[in-house]
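According to TrEMBL:
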type	residues	note
TRANSMEM	232-252	transmembrane segment
TRANSMEM	264-285	transmembrane segment
TRANSMEM	291-311	transmembrane segment
TRANSMEM	323-340	transmembrane segment
TRANSMEM	346-363	transmembrane segment
TRANSMEM	375-397	transmembrane segment
TRANSMEM	403-424	transmembrane segment
Amino acid sequence: MRPARLAPAVLCCTLLALAGVAVVVGAPPPTSLCGVCGPGVADDSEIDGSTGPGTLDIYVDDTGDSLWSARVPVTDSAADRYRTNETALEIAVDDAWVSPHAAGGDVRAVESTIDDETVVVNYTVTDVARSGVGDAWLVDYFADVPSNTRYSLTAERVTIHAPERTVVTNDPAHASVEGNTATWTQSDDSASGGDFNRLTYVTYGEDSIRDTASGYATIGLERGPPALERGVLGGLVPGALLLLAGVAVVRYDPGRETLTPATLERLFVAAGAIGAIGFLALSVAATGRPLSPGLGALSALGIGYASIGIAARRSDFRHSTRGVAGIAALVTLGTGVLLWLFGGPIAVVVLPFALATACFLPLGHASATRSKPSVPLLFAVLSAFVLIAGAVGLAFLSPPVGFGVILYWLVLAFWAAVIVAFGYPLGLMGRRLAEA
């Protein structure tokens, strides 16, 4: 790299690093879910004589209000002292509140008792759940917080109990669901003391398909509009650049003799096979299993890329723009199935980026035929819109906040570059098929 270009690059990287450090240093401490199960991550308050962090059970009633019950084990001598001296117990509990904790200023009606060698602290918190679509209810108390909130379990176990005669109808991240309960337990490899995140929602209702669907619809309506706004704003510039790149790359042709359909097919198969096998091997080396969600999804994309090259050259539908568009759509659909199988449902979020890449095949075909100029432009616009749809999906999955917004933009820029890099050979294949 030339010195004239090296200095700005180093400066840019330095500024990004400093921004990252500033965000990390300035981030607030984790918020403890249990108020008295300390010590917390940033606060060493705890009940005097405690022998462990204890547990927290949150009981939601029919109106959406809740009773929080913390049970903290203590030594025999501390239990005897608290059993005979209620004032000492009250003082110990008052001094044990961790700051910050999830209930914050919403704690009401605190009641402390001693049960054998366990201090029991009950307190009420109103409006932790609200009604949603149909008969579904949504616990959104933990998500309705500032965007930079981080949670720490603090307790060994946190369980949310839905009202009796209901069941938890969704599958909250990192929770075990059984009947009307969702439970999170301490994770030894979690720096913050648990895997309870800011986007934790719990839906509950009757044990039926309708209420399950209503629960997920409620979450979708809760998270959808913000994700749509962030995704469109975040994907607008990469989408516009992809549109321009899509029009430009199909106009650059190194020559028919340089890259024939057979050569391009071998290129697709080689690149796809290297990606598929390479990411499987990397997954085994990194996680001990061949199909970890992220690397498994990338492996599926490699298989899809090889498949579209083979199908484009050998299919009987390769002679028309409509035919190659159908090939692109069918291969993308098959890739979506592989994404689900290899990476799980969450991996399907990258499917729009695969479709945006596949759009270059009919884009190249249309640009080499005598079709109206609007036809290749249509496929370029479609590719850009699909990229924006992928941006919305990423924002829904993990809303970008704080320094994450910059990372989100970088991820979208990366995917736009990947789409152009892998889409350009597909555009050339489309041109060759049209010229054949």
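Cβ atoms are placed via backbone N, Cα and C, with glycine included.
Predicted automatically and left uncurated, TrEMBL annotations should be read as such.
Same-chain residues lying 6+ beyond the ends of the transmembrane segment (346-363) with a Cβ under 8 Å from its Cβ atoms: 242, 246, 249-250, 293-294, 296-297, 300-301, 304-305, 308, 312, 321, 324-325, 327-329, 331-332, 335-336, 339-340, 376, 379-380, 382-384, 386-387, 389-390, 393-394, 397, 415, 418-419, 422-424, 426-427, 429-430. Contact count against the transmembrane segment (323-340) (Cβ pairs under 8 Å) is highest for 291-311, out of 232-252, 291-311, 403-424.
Remote same-chain partners of the transmembrane segment (403-424), defined as residues 6 or more beyond its termini with a Cβ less than 8 Å from a stretch Cβ, comprise 16, 19-20, 23, 230, 234-235, 238-239, 241-242, 245-246, 249-250, 271, 305, 353, 356-360, 363, 383, 387, 390-391, 394-395.
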